[in-house]
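Participant: Sharing a structure with you now.
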Amino acid sequence: MKIDLTDTTASKINKALVQGRRAIGTPAVGMVLTLVIVTDEENAYDALKAANDASREHPSRTLVVIKRVSRTPRDRTQSRLDAEVRVGAEAGTGETVVLRLYGEVVDHAQSVVLPLLLPDAPVVVWWPVNAPLDPANDPLGALAQRRVTDTYAAEQPVRELTARADTYTPGDTDLSWTRITPWRSMLAAALDQVTCKVAAVEVEGEEFNPSCELLAMWLADRLDVPVKRSLSNGPGLTAVRMATDTGRIVLDRADGSLATLSIQGQPDRAVALKRRETAELIAEELRRLDPDDTYASALRFGVERLSEVSDAGVAFDEAADAVLEPPSKSDEQSPGLDAPSPGGEPVEAAAEAAAPEAEAEAPVTDAPSGTAASEKKAAAK
Amino acid sequence: MSSSNPLRDPADRRLPRIAGPSGLVIFGVTGDLSRKKLMPAVYDLANRGLLPPGFSLVGFARREWQHEDFAAEVHDAVKEHARTPFREEVWQQLIQGMRFVQGTFDDDDAFERLRGTIEELDKAQGTGGNFAFYLSVPPRSFPVVIQQLKKHGLADQSSGSWRRAVIEKPFGHDLKSAEDLNKVVHEVFAPDQVFRIDHYLGKETVQNILALRFANTMFEPIWNRSFVDHVQITMAEDIGIGGRAGYYDGIGAARDVIQNHLLQLMALTAMEEPASFDADALAAEKTKVLGAVRLPKDLGRDTVFGQYAEGWQGGEKAVGYLQEEGIDPQSKTDTYAAIKVEIDNRRWAGVPFYLRTGKRLGRRVTEIAVVFQRAPHSPFDHTATEELGKNAIVIRVQPDEGVTVRFGSKVPGTSMEIRDVSMDFAYGESFTESSPEAYERLILDVLLGDSNLFPRTEEVELSWKILDPIEEYWDRHGRPAQYPSGTWGPVEADEMLAREGRSWRRP
């Protein structure tokens with residue numbers, strides 16, 4: 001059932017929700033969370049579809065906040081809220097309210113959303129596109145326990161990652177991180193199978209895909225070894241190669257669905273590693289609403305330190321050869337970290353560019369801001 | 001699994017528990033259980049990314065199949081019964097590790113071939129010698145298969161690898177046969193490598209009993225004799241025995257259901273809080289409760305057994321049990337059983353637990369109802385509370401999983417009239433679609449070696465100690481009460497509760 005409300009208010013929408021539920025005969029519904037989707041008109045349909053699919057696993061009230069673009073100064077002074085209330089079969093297993101904001105109210109979306117949140121239930125905000133640089137301090141983000149961004153959809157994903165690291169607040173998460181869960185789980189499973197010491201890693205994937213950087217940073221953070229990020233034509237991530245003291249471990253996925261796991265001394269094995277739909281990603285994201293410390297740690301490792309490793313010319317093969325000798329303590333020191341990065345990489349420049357913006361957003365978090373802090377961190381290492 | 005793996009971090013909760021390198025050998029792979037539950041569960045696990053790379057599935061049966069025929073059979077079973085959508089790449093991953101071994105259980109050559117297959121898989125798929133043997137076979141074949149596994153060295157664990165046995169109910173038909181069976185199995189497999197499947201324990205709702213009780217504060221304070229009047233645990237089926245006459249006759253409902261499912265549900269409902277959520281602590285508490293069970297003095301009064309008679313079941317005409325094909329018309333096998341037990345401990349002394357199960361009852365339902373005492377004093381007059389029943393918390397195990405709380409509420413508009421209302425938590429509609437099947441969870445647990453959800457030898461033997469005297473009594477006294485198909489059991493069962501001023505819930 002669908003109720004259209006034009007030029008309305010939050011209290012009228014609440015009434016419509018109750019009315020809608022009465023009409024279809026389910027006065028009480030066991031919804032577990034409120035999902036707020038902040039998007040533009042262009043991406044609203046896909047995002048809502050994904051959310052409705054995910055609601056099969058997590059019955060929720062979905063609020064879609066669509067900020068309409070005003071074309072003239074006159075439009076901007078007028079303020080209007082339109083709403084579309086959907087309950088029952090049309091809204092997955094929960095309820096959906098599509099909110100269209102025009103004019104001034106665009107800047108005060110939280111005033112519309114706040115009265116519509118489910119009592120006592122967690123709130124998740126998801127920006128499929130155009131996420132704010134500091135999600136936790138965004139007026140809508142501040143309402144939520146969990147803030148889901150998607151750097152994959154950004155114009156300059158790598159730069160965006162740096163900004164995310166600078167403003168990270170517990171509860172932040174990113175779909176680029178969600179996308180690599182199967183990879184991470186398969187790599188962990190591979191290391192379950194052999195007892196070995198990893199010496200160097202190479203992560204290969206398409207350009208402008210922040211998942212590759214995140215995976216590389218996670219590996220670098222967990223393994224404490226140099227990780228090289230190299231480019232391929234995709235789709236997505238294409239390979240992870242680990243040089244260990246017992247030989248190579250390679251997880252190779254050329255076609256975006258079926259991967260091969262090769263461990264030296266063991267037969268090659270096929271592994272299903274399909275790129276997942278947004279609905280699956282959102283479902284995974286909603287499964288846990290506590291801060292993702294692993295994400296924070298990987299993110300804070302810093303994209304620029306990955307580029308240092310690559311720039312310093314630590315060829316993956318050299319590192320691989322080095323550890324095939326009996327491992328000594330000095331292996332843990334990566335040669336790249338002593339020398340200052342030569343810079344000149346677009347990544348580096350982007351990181352610097354992102355810093356002032358992030359500061360302008362008044363970071364209240366204790367996260368180190370800007371590249372200066374990151375460099376200090378790197379130097380201290 | 002090495003604990004030193006730097007990529008594993010307990011704080012990283014996104015990473016699922018993936019089983020280590022391993023394979024599963026299914027005996028009786030052509031059976032119904034295997035096709036409808038096991039194969040789809042294996043596929044669903046693979047689809048969720050929970051199986052290790054190189055996971056292998058070996059089928060063992062009499063049928064003259066090639067590996068390809070077996071793969072085709074699995075393919076069909078998966079397409080038809082799997083919970084998650086079919087994906088070609090997942091299938092490609094699985095199919096590489098699929099093998100079929102043709103033979104009968106007494107065929108030495110076949111077991112040699114099985115051993116060869118396992119060795120070949122270790123080489124080709126890297127299964128590392130870790131294999132679980134799933135015995136989806138009739139009880140009489142258990143000893144043969146177990147002995148064959150031993151004879152051909154299939155049960156020998158070399159260092160760093162494991163061999164496990166998975167067995168399905170029935171775990172014997174009385175205490176003695178259960179002990180015999182345990183002896184046979186334990187002679188070959190160490191007790192902690194034997195996994196007894198009680199698929200009820202793999203259900204989300206059953207695991208939720210523990211969450212409900214021990215993760216919340218509002219239920220546990222009233223979960224005792226001071227507030228609880230009695231507990232009813234029901235497992236009803238609407239079907240008859242179908243084609244299982246050979247298995248069912250002589251076994252009956254009590255042995256088939258009460259001994260395992262209902263007593264396990266009772267143990268989970270009644271047990272004390274375990275020190276932790278690990279297998280040993282859980283088993284310790286369940287064993288304590290089962291050990292404290294006291295049977296009624298007069299078994300004739302407080303137990304009822306019955307047989308379904310001809311009748312109409314949900315709009316279809318159903319024949320009586322004694323008229324079913326392959327059933328001896330003089331059979332005394334129970335298709336309905338209701339018993340009352342008490343638990344002798346401080347928490348439950350004097351609170352009856354009524355367990356009932358039956359075939360051809362009103363509808364298919366499994367639930368646990370904790371029924372509370374009436375309020376000790378009511379400020380409302382008698383007419384106001386006439387329609388008010390007892391408060392109850394009902395855990396609906398299947399179908400429509402969830403929890404219902406029943407309490408009184410004022411009827412709007414009247415001066416003062418109080419009536420029962422239900423407050424519902426429906427796991428069902430929204431969660432089940434994506435929540436895993438019991439077999440998925442249990443197979444994964446077997447591969448991980450996690451025995452939380454598997455009843456142990458002591459529990460099985462204690463359950464038989466509870467049931468044996470009742471079965472013996474039924475053997476010697478009277479005949480099963482007849483009840484028309486499609487009803488909620490014989491009148492004797494209603495009378496059994498009515499004598500104590502109670503009545504069965506209509507689930």
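Even glycines carry a Cβ here, placed using N, Cα and C.
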Participant: Please state which member of B:Asp180, B:Asp256, B:Asp381 TrEMBL lists alongside B:His199, B:Lys203, B:Glu237, B:Lys359 for binding substrate.
Facilitator: B:Asp256
Participant: What's the longest C-alpha separation between any two of B:His199, B:Lys203, B:Glu237, B:Asp256, B:Lys359, the listed substrate-binding residues, in angstrom?
Facilitator: 21
Participant: When the Cα of B:Lys203 (substrate binding site) is compared with the Cα of each of the recorded positions B:Arg62, B:Lys169, B:His261, which one is closest?
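Facilitator: Of the recorded positions B:Arg62, B:Lys169, B:His261, B:His261 has its Cα closest to that of B:Lys203 (substrate binding site).
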Participant: Looking only at Cβ atoms, how many others are within 10 Å of the one on B:Glu237 (substrate binding site)?
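Facilitator: By my count, 18.
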Participant: Are there binding-site residues among B:Glu237, B:Asp256, B:Lys359 that sit within 10 Å of B:Lys169 (NADP(+) binding site), Cα to Cα? If so, list them; otherwise say none.
Facilitator: B:Asp256
Participant: Helix, strand or coil: which one is B:His199 (substrate binding site) in, per DSSP?
Facilitator: helix
Participant: In whole Å, how far is B:His261 (active site, proton acceptor) from B:Glu237 (substrate binding site) when you measure between their Cα atoms?
Facilitator: 13
Participant: Within 10 Å of the Cβ of B:Arg62 (NADP(+) binding site), how many other Cβ atoms can be counted across all chains shown?
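Facilitator: By my count, 13.
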Participant: Measuring Cα to Cα, how many Å separate B:Arg62 (NADP(+) binding site) from B:His199 (substrate binding site)?
Facilitator: 26
